[in-house]
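Read through the structure below, which is laid out as structure tokens, and then see the notes.
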Amino acid sequence: MALSAVMFSLMTLVVHMLRTSFSPFMIASVRFAINLIVAAVTVALQRPEHGLLGPPSQRLLLTARAVIGAVAMSLVFVAVTQLPVGDANAIIFTNPVVTAVLAAVVLREAFGWLEGAALLLGFGGVVLVVRPEFLFGPVGPGEAPQRDVETLFQLTYPEAVACAVLSSLLAACAYLCVRALAAPGREKVDSAVVVAWFAVAGLVIAPSVAFASGQGFQAPADVLSVAGLLAVGLLGFAGQWLLNNGLMLEKAGPATAMRNLDVVLAFVYQAVLGEAVTWWAVSGAAVVCAATLLVAWGKMRGGSSAAAAGAAAAAVASRTDGVPDAQRHATAAASNSGSPHPGGQVGCVDPAGSSSAAGAPSHRSDAALGSDSDSDGDGLLRRSPDAGALPRLLDGRTSSSLEQLDDTELGGVV
């Protein structure tokens, strides 16, 4: 994860340095082109069922995710070329906080005091970075953000800040689209297909905006310019690859903490480039990092609840392992004759992943019982289409309480 942060921060630095030679939309177009090449090669090697187009039932969501994500990425490049690199990164990194808010509104995910505190901290951090004049008064000498007047594409400072904020909001929306694509019951979409759609949308949007704004494409002046454009694409790909692998190897909380290294490095680069680094901006960035860590802590707490629920389910299952069928049937008969198990029927999950109710005949087929399987290898056990209702109890919980828990609290049984 630390290497991923380094790659992304270096990509941001290169984009910032190329701002005098190329428009942000041309730089973004190169990034999209390299993404498309890598995604197409990956799809060709993996050969998913529906190829680059993806499942027909998912194409509307794929389009939404691609368009929203491409606009968000283009706005990131605009913000990085118009603002000091540290300030831009600090604002853009409010994304996890915005995602938590939107997930609560759209996906009805939990939104407690941690998420509320993170929202306030994130907003406060942006205010410290931007320092609006109506709150802080006129900016003193040497405190104004330094912007290169020779950039090909120029916006006012408020417009550039608006681009950074909007990119964070749209990135959160793109994340929700990905969540919807991966929702239980929907056809599986290969991640390379998602990236390919994203890249195609970017290759339509970024050049269109470049020519509509009168910027067009600029021919590289020398080999260094060509190397810089290629570096943006390759560093972005390397950062994404390292990020994906880091998330598979590490928990969400520590992973998010490492991603905050990106913000720290951005301010280091800003100082190296000779751009003013104010204590206001550094303080605001620190507050934004604290907000993202709060969100990550909340996710870790949810993960701990999931682990506890999973352990409880395993403990219940282990109590029936090795028990003869006759004894199980006797227990069921006793239960039916008026000696119910405290709390009713207890759901058990055996090591093979099949789900049944305590007291049910163990020789029933999986087709009759319904089964849980990790068919897509994502670590979640999903009920097959012909499965019966969820067990009424899991570790003493009633069915109504199960309905109030999300998939993380259920330990992966959904």
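A Cβ is built for glycine as well, from the same backbone N, Cα and C atoms used for every other residue.
In TrEMBL, annotation is done automatically, which means it is predicted and not curated.
The model shown is predicted, which means the values in this text are computed figures rather than measured ones.
TrEMBL annotations:
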COMPBIAS  351-372  compositional bias 'Low complexity'
COMPBIAS  404-414  compositional bias 'Acidic residues'
DOMAIN    2-130  domain 'EamA'
DOMAIN    161-296  domain 'EamA'
REGION    322-414  region 'Disordered'
TRANSMEM  27-45  transmembrane segment
TRANSMEM  66-84  transmembrane segment
TRANSMEM  90-107  transmembrane segment
TRANSMEM  119-137  transmembrane segment
TRANSMEM  157-177  transmembrane segment
TRANSMEM  189-211  transmembrane segment
TRANSMEM  223-243  transmembrane segment
TRANSMEM  278-297  transmembrane segment
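Counting same-chain residues at least six beyond the ends of the transmembrane segment (157-177), those with a Cβ under 8 angstroms from any Cβ of the stretch are 61, 64-65, 68-69, 71-73, 75-76, 78-79, 82-83, 88, 91-95, 98-99, 101-103, 106-107, 126, 130, 145, 147. Per DSSP, the domain 'EamA' (161-296) is made up of 108 helix, 0 strand, 28 coil.
Mapped onto DSSP helix, strand and coil, the domain 'EamA' (2-130) counts 110 helix, 0 strand, 19 coil. When Cβ distances are compared across the two stretches, the transmembrane segment (189-211) makes no contact with the transmembrane segment (278-297), since fewer than 3 pairs at least 6 residues apart fall below 8 angstroms. Per-residue pLDDT, averaged over the domain 'EamA' (2-130), rounds to 87.
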